[in-house]
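Positions annotated as compositional bias 'Acidic residues' by Swiss-Prot: 504-513. The compositional bias 'Polar residues' feature in Swiss-Prot is assigned to 514-526, 537-550. Residues or ranges marked as phosphoserine by Swiss-Prot on the basis of a large-scale study or a structure entry: Ser119. What Swiss-Prot records for 504-550 is region 'Disordered'. If you look up Swiss-Prot, you'll see 1-71, 159-170, 225-246, 323-379, 457-691 marked as topological domain 'Cytoplasmic'. The topological domain 'Extracellular' annotation in Swiss-Prot covers 93-137, 192-203, 267-301, 401-435 and rests on sequence analysis. Residues or ranges marked as transmembrane segment by Swiss-Prot on the basis of sequence analysis: 72-92, 138-158, 171-191, 204-224, 247-266, 302-322, 380-400, 436-456.
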Amino acid sequence: MTRFMNSFAKQTLGYGNMATVEQESSAQAVDSHSNNTPKQAKGVLAEELKDALRFRDERVSIINAEPSSTLFVFWFVVSCYFPVITACLGPVANTISIACVVEKWRSLKNNSVVTNPRSNDTDVLMNQVKTVFDPPGIFAVNIISLVLGFTSNIILMLHFSKKLTYLKSQLINITGWTIAGGMLLVDVIVCSLNDMPSIYSKTIGFWFACISSGLYLVCTIILTIHFIGYKLGKYPPTFNLLPNERSIMAYTVLLSLWLIWGAGMFSGLLHITYGNALYFCTVSLLTVGLGDILPKSVGAKIMVLIFSLSGVVLMGLIVFMTRSIIQKSSGPIFFFHRVEKGRSKSWKHYMDSSKNLSEREAFDLMKCIRQTASRKQHWFSLSVTIAIFMAFWLLGALVFKFAENWSYFNCIYFCFLCLLTIGYGDYAPRTGAGRAFFVIWALGAVPLMGAILSTVGDLLFDISTSLDIKIGESFNNKVKSIVFNGRQRALSFMVNTGEIFEESDTADGDLEENTTSSQSSQISEFNDNNSEENDSGVTSPPASLQESFSSLSKASSPEGILPLEYVSSAEYALQDSGTCNLRNLQELLKAVKKLHRICLADKDYTLSFSDWSYIHKLHLRNITDIEEYTRGPEFWISPDTPLKFPLNEPHFAFMMLFKNIEELVGNLVEDEELYKVISKRKFLGEHRKTL
């Protein structure tokens, strides 16, 4: 990771030292391995590149693994996704655990008769089942498990809000959820073996206890794996989440409180048990509407409207934030991994072979790697989403088959309708096991359907955009010139050629370089610090103004009055420097204007090879030490290439050239100050001569 950070800190257009890494970075990386307590590396990307990245660089820089390796992806998923999963499961487990405490676990089989809610005109949807009081030990264990689970959730929320340190939080959470899940699991096993004779049936409370125990233990396993990653030195002691992403814990807790309040309220309004009321709240919140439990009274109907409207908004917010973390924030990082993996292989093959690549060939190869990575990313994301969806669909149907004693086809039919939130009502879970499982299954499966539709929509949009481009390229340029005219001339040119800088721009630049070179040769007669033309055909400006001022100070007389021959030489050099800077500034402003227009029109626009070459040439005009910023023909596939990152390319180029503009303006200000000094000394010299 140290080598990655060093290259990560200087990713610009090949201008090696535009971003520096502090000397302590490598030492800290070594210390992190030896002490098993990784510290965040201090390497900092160039500001221009950081602004153009499609992900936050600190999310990658804390992972102590090579970006091209599979372990990088694994530990990134552990550091980022696992806390999000825990934040979603923990509060839900607490919500369900309340039901397993409130509900009795056993009932007499003869009284477990469910009536059709449409056959009468009452609010009672289930005959009062004759439940059996649980042994005192079971109730006591349930209470202790609930308290431990609730405490663990509070601690996790404090850590998400950065009110508690990682080590303290992990110690309490892992211990608390392990004990809570273990006690509940033992309770369930003992009750099944010793306190469940044949005349009793398991109620919804018993099945909620089974689910709560499983969720507690899953949270324990997830946090334990995250803690192991920290102990192995793969990332620092923190959750790899941005500040706005940490708020997801607060929203999931709020949703759990909303479900707890709704279940308690509808239990009284509809005269049903707390567990069945929780099932009703889930059906209403997810807009499935199975119709097996209906509000009859006016008060119940009003509260359903209030509860459902606010609950749907809250659920939609959680789904949006979760998808944003998993796909939008982390998607560019997975793309970076795929590109870096392909680039590393190509770079290794290039270094091992004797084949020479031209700069254009290296650029085309890197573009091909990026396109392949993007295509694989889309299909992999779609495949994983569909696989998870199929698992929820088919495995969920399998559970309902045994819980409700339906045929497997009818279970598939029921699950698919629920995933689409259709809810005809011809099938609905009636048993305690079916309804308990439906609560946890629906809370995970129905929002997943929204993620699938969004993923498929993004993929279809990308495919349609690609087809539009191919169809557009088949048209003749004359047809395009009819569509794009007047003010759209620049955009028309970009659509026709795929380049934002015309040949005239490059020609003007070459002409300017030739003119500057000619003027520099003339000025060399007056000043030893003349400009030199480098191998790339770019003319460097004259010596720095600080050096000119220093030479003028040394040449002056003790009275501080310059001889006229020195004044003439410095004045000519200063005038040429100002002319050179103004012309370069004009070219930079022209390029920046085009790039700014592209940034506003299309953030996904990719620059062509000639565009990058022209931008590189513009940048080098303001570099004094040209040799320090020279690059080989293989630059585009080297570790220093900026194209290995998911970039907003026009914005990156815009920021690079804008920095040059700032430097040029600074040079012009220095020119003006130095010109005043020269004019003053020239006046004093002429005045002395007349005397």
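For all residues, glycine too, the Cβ spot is worked out from N, Cα and C.
For the topological domain 'Extracellular' (192-203), the DSSP-based tally of helix, strand and coil residues reads 3 helix, 3 strand, 6 coil. Per-residue pLDDT, averaged over the topological domain 'Extracellular' (93-137), rounds to 68.
Same-chain residues lying 6 or more positions outside the topological domain 'Cytoplasmic' (159-170) and placing a CB less than 8 Å from one of its CB atoms are 83, 87, 223, 226-227, 230, 237-239, 241, 246, 248-250. Sequence-remote contacts of a segment are chain residues at least 6 beyond its ends whose Cβ falls under 8 Å from one of its Cβ atoms, and for the topological domain 'Extracellular' (267-301) they are 95-96, 98-99, 102-103, 117-118, 121-126, 203-205, 208, 259, 307-308, 311-312, 315, 418, 421, 423, 425, 427-430, 432, 435-436, 438-439, 442-443, 446-447. Residues of the same chain lying 6 or more positions beyond the ends of the transmembrane segment (436-456) and with a Cβ under 8 Å from any Cβ of it are 92, 96, 204, 207-208, 210-211, 215, 275, 278-279, 282-283, 286, 288, 315, 318-319, 322-323, 327, 381-382, 385-386, 388-389, 392-393, 396, 399-400, 403, 415, 418-421, 429. Outside the transmembrane segment (138-158), and at least 6 residues removed from its termini, the chain residues within Cβ reach (under 8 Å) are 86-87, 90-91, 93-94, 97-98, 100-101, 105, 164, 168-169, 172-173, 176-177, 179-181, 183-184, 186-187, 190-191, 195, 209, 212, 216, 219, 249-250, 253.
Long-range contacts of the transmembrane segment (171-191) within the same chain, counting only residues at least 6 positions beyond its ends with a Cβ under 8 Å from a Cβ of the stretch, are 90, 97, 100, 105-106, 134-135, 138, 141-142, 144-146, 148-149, 151-152, 155-156, 159, 206, 209-210, 212-217, 219-220, 223-224, 227. Sequence-remote contacts of a segment are chain residues at least 6 beyond its ends whose Cβ falls under 8 Å from one of its Cβ atoms, and for the topological domain 'Extracellular' (192-203) they are 103-109, 112, 129, 131-132, 134-135, 138, 275, 432-433.
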